[in-house]
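Features reported for this protein in TrEMBL:
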ACT_SITE  H305  active site, proton acceptor
BINDING   131-133, S160, Q181, T209, K281, S303, 336-340, 359-360  FMN binding site
BINDING   Y183, R218, H305, R308  glyoxylate binding site
DOMAIN    52-410  domain 'FMN hydroxy acid dehydrogenase'
Amino acid sequence: MTIIPFSSFHSHSGTAEALSESKVSFVGFFVSLGFSILLHVYLTIKQLVQVLMAAEPVNVNEFQELARQSLPKMYYDFFSGGAEDQHTLRENVEAFSRITFHPRILVDVSKIDMSTTVLGFNISSPIMIAPTAMHKLAHPEGEIATARAAAACNTIMVLSFMSTCTVEEVASSCNAVRFLQLYVFKRRDVSAQLVQRAERNGFKAIVLTADTPRLGRREADIKNRMVSPRLKNFEGLISTEVVTDKGSNIEALASGMFDASLSWKDIEWLRSITNLPILIKGVLTCEDAIKAVEVGVSGIIVSNHGARQLDYVPATISALEEVVLAVGGKVPVLFDGGIRRGTDIFKALALGAQAVFIGRPVIYGLAAKGKHGVRRVIEMLKDELEITMALSGCSSVKDISRRHVRTERDRLQSML
């Protein structure tokens, strides 16, 4: 900017000339300043877009890292942790890597059909949402966001009995097929009322979780002194407030509420309070699979509760074929545990599962990006499954067979 000398004011013409130069300098200054600001804004937006693009996950495992960054440690540990040494937690994922493909070539896979049915309900792919507790710890919209994502993906969500949104709130949030998970409480009337509320609100099946006479020892929750949030489903029915100085509030809550006397004969009691089909979740052995068929359940879910109950049980993918062979096609067998890739889904289907459930990946998507995150997790797995089917020579889910995979047992038998 030009400084006008005092002496120049002695001449009128000098004054006008100096003012003219000053005006030009001012304009130049502001033009330069404006350009600098615009350039700075452009570079900032460009950097922001690059950061956002870099942060957009390309697989389910990257959603887990985003969830870890987003959640308080107590809540992340609650969702991600397993029982005791967490051996089965690791095995649930790692056991998939020991199953290899036996693909076929020169098959017309120009059109891939991933649609299937579960209990007569049509879904867009064999991927459903497993019951996981307390979604509002992951995102303020809780189970409502998850339900809407499931509806958008045309799949089935199993609402947790320990949800932070009510049965009625989830039912009214969107139009979709939903099942209700059931824990049987010592106060049987409370469990019965939840089942009947679900039936009145259009839920289509009951998923009885049968592997939880007591809660598994989840040491991260004990260390963190995990506290249960408000469970709105039980308001006016039973108190869920527990005060304990022995670690996890949730463990104390479960100990006080869950009915450890639950047995096979109680399937008949459950039938007496609902007309909905009953699936049993937590089957890992041929003996229990045969018993489940005998008592007349409508389906079996092979599950070790996300490795959160008894440590050192088999990975669910390792137990799946035993259950499938024991059932012999009498009822559908569904799979839960360790799914992180579309290849995992293909392997479970090849070993006899009709469809799979995903649990933790849904929570990670919800924590990272809400409803959109849940939807992206499901879409990612669908995309990966589609590629796996095409490269294995399967144009539809029905084409996936036992011949498409090789297990450790297969390899051992081939050496005999």
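Cβ coordinates are placed from backbone N, Cα and C, and glycine is handled just like the others.
Taking the features listed in TrEMBL, we show where each one sits on the structure.
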residue	record	Cβ neighbours (10 Å)
P131	FMN binding site	25
A133	FMN binding site	20
Q181	FMN binding site	23
Y183	glyoxylate binding site	21
H305	active site, proton acceptor	24
R308	glyoxylate binding site	22
D336	FMN binding site	26
G338	FMN binding site	28
R340	FMN binding site	20
R360	FMN binding site	24
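R218 (glyoxylate binding site) and K281 (FMN binding site) are 20 Å apart (CA-CA, integer value). Recorded residues H305 (active site, proton acceptor) and P131 (FMN binding site) have their alpha carbons 10 Å apart, per Cα-Cα distance.
Listed in sequence order, F78, G81, G82, A83, S248, E251, R308 are the same-chain residues at least 6 apart in sequence whose CB falls under 8 Å from the CB of R218 (glyoxylate binding site).
Counting every protein chain shown, 24 other Cβ atoms lie within 10 Å of the Cβ of K281 (FMN binding site).
Here the C-alpha separation of R340 (FMN binding site) and Y183 (glyoxylate binding site) works out to 26 Å.
On the 0 to 100 pLDDT scale, the model's mean across the domain 'FMN hydroxy acid dehydrogenase' (52-410) is 95.
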